[in-house]
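Feature annotations, reproduced from Swiss-Prot:
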- 442-556: domain 'Toprim' (DOMAIN)
- Glu448, Asp525: Mg(2+) 1 binding site (BINDING)
- Lys476: site 'Interaction with DNA' (SITE)
- Asn479: site 'Interaction with DNA' (SITE)
- Arg648: site 'Interaction with DNA' (SITE)
- Lys649: site 'Interaction with DNA' (SITE)
- Tyr713: site 'Interaction with DNA' (SITE)
- Ser719: site 'Interaction with DNA' (SITE)
- Tyr761: active site, O-(5'-phospho-DNA)-tyrosine intermediate (ACT_SITE)
- Trp888: site 'Interaction with DNA' (SITE)
- 1056-1068: compositional bias 'Acidic residues' (COMPBIAS)
- 1167-1181: compositional bias 'Basic residues' (COMPBIAS)
- 1198-1207: compositional bias 'Low complexity' (COMPBIAS)
- 1240-1250: compositional bias 'Polar residues' (COMPBIAS)
- 1260-1275: compositional bias 'Basic residues' (COMPBIAS)
- 1282-1300: compositional bias 'Acidic residues' (COMPBIAS)
- 1314-1334: compositional bias 'Low complexity' (COMPBIAS)
- 1419-1430: compositional bias 'Low complexity' (COMPBIAS)
- 1442-1462: compositional bias 'Acidic residues' (COMPBIAS)
Amino acid sequence: MEKRPLQTSNAANIPSKTIEEMYQKKTQLEHILLRPDTYVGSIEKHTQNLWVYENDEMVHRAVSYVPGLYKIFDEILVNAADNKQRDPSMDSLKVTIDPEANTVSVYNNGDGVPVEIHQEEKVYVPELIFGHLLTSSNYDDNVKKTTGGRNGYGAKLTNIFSTEFIIETADGRRLKKYKQVFSNNMGTKCEPVITKCKASENWTKVTFKPDLEKFKMAYLEEDVVALMKKRVLDMAGCFGKTVKVELNGTLIRFKSFRDYADLFLKCAEKSKPMPLPRIHAKVGDRWEICISLSDGQFQQVSFVNSIATIKGGTHVDYITNQITTYIMNKVNKKKKDANVKAHTVKNHLWVFVNSLIDNPAFDSQTKETLTTRQASFGSKCDVPESMLKDVEKSGIVDTLLSWADFKQSKDLKKTDGTKTQRLRGCKAEDANEAGGRNSEKCTLILTEGDSAKALAMAGLSVVGRDHYGVFPLRGKLLNVREASSKQIMDNEEIQNIKKILGLQQNKEYTNVKSLRYGHLMIMADQDHDGSHIKGLLINFIHSFWPSLLKVPSFLVEFTTPVIRASHPNKTITSFYSMPEYEAWKERLGNSATSWKIKYYKGLGTSTPQEGREYFSDLGRHRKDFIWDDELDGNAIELAFSKKKAEGRKIWMRNFEPGTCRDHEAKLINYKDFVNKELILFSRADLFGSFKKKLYKEIKVAQFIGYVSEHSAYHHGEQSLASTIIGMAQDFVGSNNINLLKPNGQFGTCNLGGKDHASARYIYTELSPVTRCLFHEHDDKLLEYLNEDGKSIEPNWYMPIIPLVLVNGSEGIGTGWSSYIPNYNPREIIANVRRLLNGEELVPMDPWYKGFRGTIEKSAKEGGYIVNGTVTEIDEQTFRITELPIRKWTQDYKQFLESITDGAPNVKDPLIEDFRQNGDDAIVDIEIKMKPEKIATILQEGLFKKFKLTSTISTSNMHLFDAEGNKKFDTPEQILEEFFPLRLDYYEKSKEYILGNLNRLLLILDNKVRFILGVVNGEIIVSNRKKAELLIELKEKGFTPMPRKGKSTKPQVAGANDDDSEEQEDAEPETASQSVSVEGATWGDYDDLLSLPIGTLTLESVQKLLDEKTEKEKEYEILSGTPTTSLWLKDLDEFEKKLDELDLKYAEDDRKRASQGSKKANGFASKPAKKPPQPRKNTKKAKSVEPENDNSSMEIENAVEAAKPAEVAKPKGRAAPKKNIQKEPEDDIQSLQERLAAYNIESSGEKSQAMESEEVQQKAAGKKQNNKRGGAKKKSSTIVLESDSDNEVNDVDDDDDDFEEVQQKAAPVKKGGRKPAAQNAKKAPAKAPAKAPAAPKKRSVGTKQSAGQKLLTDMLQPAEGTGTSPEKKVRKMRESPFNKKSGSILGRAAAAKDISPIADCSAGSASNTPLSEDEVVEIAPQPARARPQRANRTQMKYALSESESEEDSDEDAELSDFEEDDD
């Protein structure tokens, strides 16, 4: 057809055609010949790098072939292979390729094609399946087949593209042999020739002559023949030894698929220095795998039902993904910064896969890529663990690590610096000559922070700016040896240092000529953090440019003094280390006191003037680092490389305290820096609690400030807050014994404590059990650390049992990681008793307070399996009531959501729904499973499927013992290590107490003799010179008792007064005060000469003699008590406290159960589950707060004294028994002493009467509270407990001083109640018999707090109270109602939110006798709906004789409503 000139070839520009010419119908045969690429692939010649078989070996080379021709050969070959799946007895496959005759024949034995006429198609079956399109035996998809045929084309395509096609088959069952010839592209067929055969004959043979003209070829070319031969070898590899495969009469011998893969690997090894690995595995009957390594590009050879999938597919991905995931995790675990992805691992693998897949699907008729989904494979192939480990050991991990290093180096090169004179975009004070001709003379000073930069800038005024530059570091430099390339790339400090110095990545430096600076000076604080910064900088240079450290004077250090001593004569001495200072002080002896000492914590302590002084004497402060040998590099790696972890542990163990480098030396080699400076390391919350005497609650935020001040804590408030909160947490999985009380929201098991409130809103105080664990007598015996000349917290504490076993430990330190589970404190106590009694220890297993699951030993040494709790409600519904330790409720809820039907991105849901019925402390989750998943879940295991099991290991118990780090294999080893050290401290404690008692006896003896001497006139004190009096006292044999000098020990609880800070700042003694005669000083007799005049009486002498007798008896008892008995007594006391805690927790659980709201209806039809039972207690005990007494024996007596007073039992029902707790105070005075101090007359009879009245009032109040009915109103009495005279007001404004005492309300219409004495006569105290407690009518947990009752009473009118004025008494101290933070209204409002712990720990009233000077009563008033301002209750007090009426009125008129709210 002619086209119009310069026109397109669309239909409009071509001469018109007839309809018949435009729209044609082709037969299927014509269509195949017209569009062959749809069926057999391209019929054009392609050139591609492929594997071919020639000269008896596999060769990978460029091959020129026609894909269509290769495919028609492959179809016949796959047909023969399919017969193996239909008839496993097939054992022979023979292929003949004759290029000269252009003939190919394929023979296989086994069941032949049935020689029988098809009843529907009326032709013989061989003709049907080889000469009719779309015929197949594979159309029934309900039947799972592992054959290659699928679409009904196959051999017909070979017939169509052949000039001659001959089918021969022998059917032994029918005793017929069949032969038929097709020609002319299946267009012509001859009649079949059928002859007889033997019954043993079963075979099929196909011979064809390709129509080379269709493939634009003249003959069978060499490349095509080589491909065909390789395809025959494929069959031999897939069959292995089950089928004998012959090619052109030669048997191909392969025993397994591995032998076949070996042909490829032998060829690849020719260009390799080392042989390639061959990792082979056969998984079931359907999968055979072989793995080797590739050169950065993924390679695969794979087969599906003997079909060569040259482009892979889902079966290859299935195997490869398992291997890549495993190797990727291993590589990234070995080098966290590798950031290796799965595709990177894949590029280094060579995978061989031979598989049988049910009814396989491919991307096209050419069948180059399998597309069947993994779920439809018909079999699973989990790559064996042994094979994965062999792949890991094959060298692929090292290859990937090298690749990661190369990639990182390539990325880091992008941040290289250059030698330029002008530096831009960097926060550096650049030297004027940097990057220029004199750059080698320039020094870059790296300072620790901006404050140190200011000091360096002051020094530059001395040395000038031409050759000195300054750059401040923000915090510690990154440890580049263990950091990822992304971390290094994103680290601004590192990039700036590279730019300023002009460093180029991985460049070998033999000199500094190519750098912008010739020297790098480190100017850091002279403390452990400063040493670490220096080490990290050295590590940075050594990691990337180790050659630079060998350049002389490249790296230098600028040292500053840590202490400067100045003398009044203007002499100044500087010290660069603490040992140097200590040696100097020891040399000077007492004369050192004339020197003024200044500690330099950091460079910021130095003034600009001192900075200029430093730089004026630069040679004194500059130290050069030198490289001696490779030991220097090894030392740096030892300190910072993760690979050297084991060596670092040995290095740390060999450390000897007191080690330090010589600060006088001008040169420092790197190994000395690492081994003598960098190795030094340092450790304060419990100390602050003891020193603060934290027996009353304090806000955590305020406590943080106290701890920071008194323990020299330098690591940030947030870290300290986390530690304090962690010490107070008591939910399951946290502490078995919390050392601090959690008064507020300190976190729950919902989020593992992360849901705690801010430190600004929560309060804490010392737990009653803490001081039983850490005895006061040990405070003076511990070794205290020193910070800036101030003694701070102890180096370590000495509890009576190892606390690390009680609460466990987990963390990472320098060189070690450590994990120690929690253990039962009672089991630990029992084992300590066994050690004290010389018995064998009983093995201990992990134990967590409140945990209701199980902890069982596993087969692994030192391993335990932790299981939660799950119960079956019905066949479909289960209830989870406990999770494994440290698996938090919120996290578990997210897991359940990920397997719940209907949730987004859930592929295989296991449950229909779940419901949560628990609270902040209880786990209660109902799960409704999908019915079709129940069998699978139960088969695989309910605990495993729902992640209700975890493990605990005791194989990594590293701890610091008294000498340093040590590894323990069992908790019993820790106990055995602890025992002798603790026993030794009990011996020291006993000696210390006896020494104090002996000193006290001497003081008492001196006082008795002195007072008698003054009374009898033998010693005249008045109107005499001090020197004469000192001589007389010495001559009369009075023992000098020098005052103890100001202790360098910290002020711990009970050791010193709280005003110790004021004492430290006190003025030194004047000359008149420091009189000295014949070696005796005025202070030696201070106990005698400072006695008040009122004590110089015979009564005082008798009192002192009684006290002396008591102390002598105490001395005798203690000296005769074995050390082990002291420990046993402390253990008994500690166990009593544990009993009290258990009783409290049981009460909390009971309250929670009774107060809990009704649970939502569950999934099951069964009744709702009962609330969780309270924790099991081994023993009931009464709650007693700790006392600050002076010995173990006194503590035991205090426990007895603190028991509730006997209550006079009123008529009718007995009042319920009530635990009355006592607020812990130091040195509580008796009632008589307090009355005596205020000069108030008091008799025993009056005190007894008042005590009896108080007891009777409490009992009556309880009785009335239990009655229902609103006719009578309750009244409350506030008891204001007196603080000790020397107590310093705490931050909390003594909020805890208010306690409630129940009192029977007086009738409204009658007058005041009778005096206390009369009431006492009517209700005498009864004998101490235990009466059964009457049950309370109201529900648990609804008890009103003191604050709530006060608020109710305050809102009632003041008239007609009916309360006797005799009972309104004022406490003898400043009224607490004038304190802004202590308003009763505010406390009453706050009392509504009292936590359960606080509620249980606070008693209703003090159990000590109360005098009239201590009771304040607010009278009950008739209720009003809305009280008006004019009618508010006024506080009225009875006056003591020493107070004025005006003061009383002024105080009484201050209403709580006028107070400021805090």
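Note: Cβ is positioned from N, Cα and C throughout, glycine not excepted.
Not measured: the values here are computed from a predicted model.
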Please classify the secondary structure at Trp888 (site 'Interaction with DNA') using three-state DSSP.
coil
Work out how many Å separate Tyr761 (active site, O-(5'-phospho-DNA)-tyrosine intermediate) and Asp525 (Mg(2+) 1 binding site) at their Cα atoms, rounded off.
36
DSSP three-state call for Glu448 (Mg(2+) 1 binding site): helix, strand or coil?
strand
With H, G and I counted as helix, E and B as strand and the rest as coil, say where DSSP puts Tyr761 (active site, O-(5'-phospho-DNA)-tyrosine intermediate).
coil
In Å, rounded, how far does the Cα of Asp525 (Mg(2+) 1 binding site) sit from the Cα of Trp888 (site 'Interaction with DNA')?
42
Distance [Cα-Cα, Å, rounded] between Lys476 (site 'Interaction with DNA') and Trp888 (site 'Interaction with DNA'):
34
Could you measure between Trp888 (site 'Interaction with DNA') and Asn479 (site 'Interaction with DNA') for me? Cα positions, answer in whole angstrom.
33
Far apart in sequence but close in space: which same-chain residues, 6 or more away, have a Cβ under 8 Å from Glu448 (Mg(2+) 1 binding site)?
Pro472, Leu473, Met523, Ala524, Asp525, Asp529, Gly530, Ile533, Gly602, Leu603
Where Asn479 (site 'Interaction with DNA') sits in the secondary structure, as DSSP reduces it to three classes:
coil
Name the residues of the same chain, 6+ apart in sequence, whose Cβ is under 8 Å from the Cβ of Asn479 (site 'Interaction with DNA')?
Leu536, Asn539, Phe640
Is it possible to list how many residues within the domain 'Toprim' (442-556) are helical, extended or coil according to DSSP?
51 helix, 19 strand, 45 coil
Hey, what's the Cβ neighbour count for Tyr761 (active site, O-(5'-phospho-DNA)-tyrosine intermediate) at 10 Å?
12
Please work out which residue of Lys476, Trp888 has the most C-beta neighbours within 10 angstroms of its C-beta, and give that one of the recorded sites.
Trp888
